[in-house]
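Participant: From Swiss-Prot, here are the annotated features:
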type: BINDING; residues: Thr127, Lys128, Thr129, Asp130, Gly179, Pro180, Ser181, Gly182, Val183, Gly184, Lys185, Ser186, Ser187; note: GTP binding site
type: BINDING; residues: Cys262, Cys267, His269, Cys275; note: Zn(2+) binding site
type: DOMAIN; residues: 78-237; note: domain 'CP-type G'
Amino acid sequence: MADTARSVASGMVVALQANYLEVELDVAPDGCPGRLLCTRRTRLSHRGEAVYVGDRVRVEAIDPGQGRAVVAEVEPRHSFLTRPPVANVSLVAVVLAVEQPSFDPDQASRFLLTAERTGLEVILLLTKTDLLSAAALERLVTRLQGWGYDPLAFSSAAGTGIDALRQRLAGAQLSVLCGPSGVGKSSLLNQLCPDLQLRTAAVSGRLQRGRHTTRHVELFPLGPSARVADTPGFNRPDLPEDPQELGVLFPELRKQLDPWPCRFRDCLHRGEPGCGVSTDWERYSLYEAALIEQSSLSRPSRGG
């Protein structure tokens, strides 16, 4: 028993529950379950070192009988998302419904901008596609391709698109699903991982917004080395504060700048004379409105 208590192992934090962490081990010691409920070493708190879902960790003081251990060290992260907090993400999948709630270009763009800010690979998933006619869906896909995305279409009701989606996510070690609540993230995960049976909720009729059924971040296995994170839904992500950062978050604007960069270093690409960016693209009005919104938020108030 003493030898077991001194044993160590490595793994990944797959869930946070109150003051405990669930760690899935890479290789479980003999007689030990593959997933352990863990506390943190006090020295981690003293060093100000937080532990998040997705972190690679070393655990010690393993108690196989109780399925318990202590997180002793956190390995360096190669990426970190702040909202929701997830470490070591390699792909961000923005999930948007085509109906119930209706597709909202402004809201869709805000989620895509938030995803682009991570600097990670971003893909777009369209859910509830059975609620649109084939022609209407084709028009929407063509529109989004003009934004610089090649969306994957999915319907849990019709059972279509799941194989292509599973194959796409299996190529990333850790994917995060994000998007407004009520767009079908939990239904999508139930299709990807049939054993989960995550709780789903209807969309409220008046606001066309979903009730939040996911309350915490948790990782689920998609294969031997791939995991996907279900995250709490949120309805209105924030814009970046830096106006220079805003422009590069639009793939269609980046595409214009790629062959011929604008000759003005601090240009905001608003039709200035000599600017290398055309204003003739669908989301230009949204880009301009976002710049105005940023300006109003950064302007100091006149109140006391």
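Cβ atoms are placed via backbone N, Cα and C, with glycine included.
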Participant: Which whole number is the mean pLDDT over the domain 'CP-type G' (78-237)?
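Facilitator: Result for the domain 'CP-type G' (78-237): average pLDDT 83.
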Participant: Which entry in the list of binding-site residues, Thr127, Ser187, has its Cβ near the fewest other Cβ atoms, using 10 Å as the limit?
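Facilitator: Each of the binding-site residues Thr127, Ser187 was scored by Cβ atoms within 10 Å; lowest is Ser187.
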Participant: Any idea what the Cα distance is from Lys185 (GTP binding site) over to His269 (Zn(2+) binding site), rounded to a whole Å?
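Facilitator: Pair distance, Cα basis, whole Å: 35 Å.
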Participant: Secondary structure at Thr127 (GTP binding site) (DSSP, helix/strand/coil)?
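Facilitator: Looking at the DSSP assignment, Thr127 (GTP binding site) belongs to a strand.
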Participant: Spatially, which candidate from the binding-site residues Cys262, Cys267, His269, Cys275 is nearest to Val183 (GTP binding site), comparing Cα atoms?
Facilitator: His269
Participant: Rank the binding-site residues Lys185, His269 by how many other Cβ atoms lie within 10 Å of each Cβ and give me the one with the fewest.
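Facilitator: His269, out of the binding-site residues Lys185, His269, has the fewest neighbouring Cβ atoms within 10 Å.
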Participant: Specify the nearest of the binding-site residues Cys262, Cys267, His269, Cys275 to Ser187 (GTP binding site), where nearness means the distance between Cα atoms.
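Facilitator: If we rank Cys262, Cys267, His269, Cys275 by Cα distance to Ser187 (GTP binding site), first place goes to His269.
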Participant: Within 8 Å of the Cβ centroid of the Zn(2+) site residues Cys262, Cys267, His269, Cys275, which other residues of the same chain have their Cβ?
Facilitator: Phe264, Leu268, Arg270, Glu272, Gly276, Val277
Participant: Round to the nearest Å and give the CA-to-CA distance linking Ser181 (GTP binding site) with Cys262 (Zn(2+) binding site).
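Facilitator: Rounded to the nearest whole number, the Cα-Cα distance is 38 Å.
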Participant: Between the binding-site residues Val183, Cys275, whose Cβ has more other Cβ atoms within 10 Å than any of the rest?
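Facilitator: That would be Val183, with the highest Cβ count within 10 Å.
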Participant: Among all protein chains shown, how many Cβ atoms are found within 10 Å of the Cβ of Cys262 (Zn(2+) binding site), not counting that one?
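Facilitator: Excluding its own Cβ, Cys262 (Zn(2+) binding site) sees 17 Cβ atoms within 10 Å.
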Participant: May I ask for the distance between Cys267 (Zn(2+) binding site) and Thr127 (GTP binding site), taken between their Cα atoms and rounded to an integer number of Å?
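Facilitator: Thr127 (GTP binding site) has its Cα 37 Å from the Cα of Cys267 (Zn(2+) binding site).
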Participant: In Å, rounded, how far does the Cα of Thr129 (GTP binding site) sit from the Cα of His269 (Zn(2+) binding site)?
Facilitator: 35
Participant: If I take the alpha carbons of Cys275 (Zn(2+) binding site) and Gly179 (GTP binding site), what is the distance between them in whole Å?
Facilitator: 33
